[in-house]
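In TrEMBL this protein carries:
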DOMAIN    2-167  domain 'Era-type G'
REGION    10-17  region 'G1'
BINDING   10-17, 57-61, 121-124  GTP binding site
REGION    36-40  region 'G2'
REGION    57-60  region 'G3'
REGION    121-124  region 'G4'
Amino acid sequence: MKEGIVLLLGRPNVGKSTFVNNVIGQKVAITSPKPQTTRFPIQGLFEDERGKIIFTDTPGIFNKTKDLLAQKINQQTLKAVNKEADVVLYFIDPTRKRDFEEAKVLGIARKIKAPVFLVINKKDKKQTYLAQYMFLEDEFSQAFHISALKSHGFDALLKRIFELLPDQGEQSMIQSDLPYPLLNMDSKTFIAELIREKVFIMMGEEIPYSTTVVVSEIKERKNGLMYIKAQILTTTDRHKKMLIGAGGRKIKELGSYARKEIALAINKKVFLDLTVATDPHWQDVLYS
Ligand SMILES: Nc1nc2c(ncn2[C@@H]2O[C@H](COP(=O)(O)OP(=O)(O)OP(=O)(O)O)[C@@H](O)[C@H]2O)c(=O)[nH]1
Ligand SMILES: [Mg+2]
């Protein structure tokens, strides 16, 4: 049995989390069209007859790190990169221009000692800027064209990854008491992530970056209903108002969208008690 760790690296929005979910075949990481959706490394387990791969999804490396949250998120990725990995997948998105942000990721990729594969994502879309990235193919000996969204091109990539992974014999080193295949998140964190995803999808440009979600209680009631208490924290009263919406319409919509997905994920009926609060300091204490 082959076994090992494969780390994903790339700018925000290149499709790292989409890949991890679709290669595993189950959602472990939230995704959205907005950059910096992922805020901490997420480990998901892939398994087939060849062996086991722990895919470590990381937050996209961000160029502008003036604010505290962006700095902390970049730190999370750098920490993950410095841990041992057997293979690193360097994701690029040729539907977007190459710029300084890409140079920052490239600088990190160049220092990695493990084999780095170039993964050229979004091949289902018009790759207008592909020529700008071609020089990377000389630098990284292995290049794979995939569509993370459509699950295209995965076979060749997995085949090559397995070739490089160490053989563990019959003894698996991977131990986990958590719900398969998510290896490093408890249920409260996973549910908070699902709610945070809805904020990323439903709210305007800046609001997702001033907010986080905390789940404080999950309790099964006698009738089998799961009671979940969660709060969206935002740094400003203005954003709190927008998250609640006129007559509480927005928070109701957010809650209903999140509740449906949580119910599907845990296969139970869910009552989601979702509120919004202003907390100017949540960024100081979370994601460290
Ligand atoms: N057309 C197309 N869209 C994709 C593909 N892969 C990802 N996307 C879209 O790109 C957006 C970003 O995807 P994510 O998986 O959240 O990107 P990420 O790299 O994890 O981003 P961060 O967490 O912000 O670093 C989403 O809207 C995805 O649906 C792809 O292969 N084709
Ligand atoms: Mg992500």
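The backbone N, Cα and C atoms fix where each Cβ goes, and this holds for glycine too.
Automatic prediction, not curation, is the source of TrEMBL annotations.
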Exercise for review: Check the binding-site residues Lys16, Lys123 for other C-beta atoms within 10 angstroms of each C-beta and report the one with the most.
Suggested key: Lys16
Check your understanding: Excluding the flanking five residues on each side, which residues at least 6 beyond the ends of the region 'G3' (57-60) place their CB within less than 8 Å of a CB in that stretch?
Key -> 7-14, 16-17, 20, 28-29, 35-36, 38-44, 73-74, 76-77, 80-81
Study note, to complete from the structure: Contact set of the region 'G4' (121-124) with the rest of its chain, CB cutoff 8 A exclusive, min separation 6+ beyond the ends, reads 14-15, 19, 91-95, 145-150, 152-153
Review point. For the binding-site residues Lys16, Thr58, Lys123, which sit with their CB under 6 angstroms from an atom of ligand 1?
Key: Lys16
Check your understanding: For ligand 2, which among the binding-site residues Asn13, Lys16, Ile61 have a CB under 6 Å from it?
Key -> Lys16
Revision key, fill the gap. In three-state DSSP terms, Lys16 (GTP binding site) is classed as helix
Practice item. Could you say which of the binding-site residues Asn13, Thr58 has its Cβ with the most other Cβ atoms inside 10 Å? Key: Thr58
